[in-house]
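*Asks:* I have a structure here, written as structure tokens, and I will follow up with some questions on it.
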Ligand SMILES: [Zn+2]
């Protein structure tokens, strides 16, 4: 199943070469930018009642950010374009929750293929516009989120053996998502915000099934989330254990995102950098959220901390997660520019 004899895509070779030359920049948060638009239920659905896209749902859609790919494509393209012009080499699709499992909350399981295919096309359009201005190559990362269910943990404390989702449920859902992303022109697949490694392994498996059908292998980026003070993922792994659980996929990058600000992430990315025989990627939140769930850390503050990762030789790709903006990404890109990329251990 993990067929490494498949040819690698042209974009794979290109991004690999660039990553040896310099630290690559990933984009920042979508949520913060979408929030600033102040969209109403009607904006989310595209008109007064129900969804203006060709998929029907009776559920309220406000908060279904992925749906904006179909109902507000111009606004989403503009956010991607801003990140590209801020210095991002790799820009993520707005598809964090575009699986049948996550879209079930909104009754839009049937929209999953279109969300992913169009989600990738919109990023490609934004990046082509940016490249037409400055000639720099840029890459579309198809964003694959963790879903809202855990395959290796029970949601019911009184029934620890219970599972709300199985490996195969996830494999099938991720497969639909990844096929859509590839059809839309994704250059990489980014499996992110991993709190349960078994979910990620189902996503990895689905990617290799999709690559076999596609006849070529895309670069995989795999990014875990450390959620507690002891430095473990929700499913209980240290960064080293996490690497050991995903290294068989030979990812282009392994890294960490979300949950913590850059300073708190630092020891964990340092541990990962010391063991991973591949490129590393870090995209922390803009500090920790305040009492209202908002992020106060300014672009320079975040950039100084991320530049420390670069100075210490810990990273190959950097960007921002929750609370970061195009200004954060511009500041991060400038701050890491003087430093060479991390050397991958032999
Ligand atoms: Zn985040």
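The chain as shown is numbered from 1 upward.
Every residue, even glycine, has its Cβ placed from backbone N, Cα and C.
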*Asks:* Given that TrEMBL annotates 321, 322 as Zn(2+)-binding, name the residue from 258, 281 that shares the site.
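*Replies:* Looking at 258, 281, the one TrEMBL places in the Zn(2+) site next to 321, 322 is 258.
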*Asks:* Provide the number of Cβ atoms within 10 Å of the Cβ of residue 322 (Zn(2+) binding site), excluding the reference atom itself.
*Replies:* 24
*Asks:* So for residue 321 (Zn(2+) binding site), how many other CB atoms are inside 10 Å of its CB?
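*Replies:* Looking across every protein chain shown, the total is 26.
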*Asks:* Residue 258 (Zn(2+) binding site) has how many other Cβ neighbours within 10 Å of its own Cβ?
*Replies:* 22
*Asks:* Within the domain 'Hcy-binding' (12-336), what mean pLDDT does the predicted structure show?
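*Replies:* Overall, the domain 'Hcy-binding' (12-336) comes to a mean pLDDT of 95.
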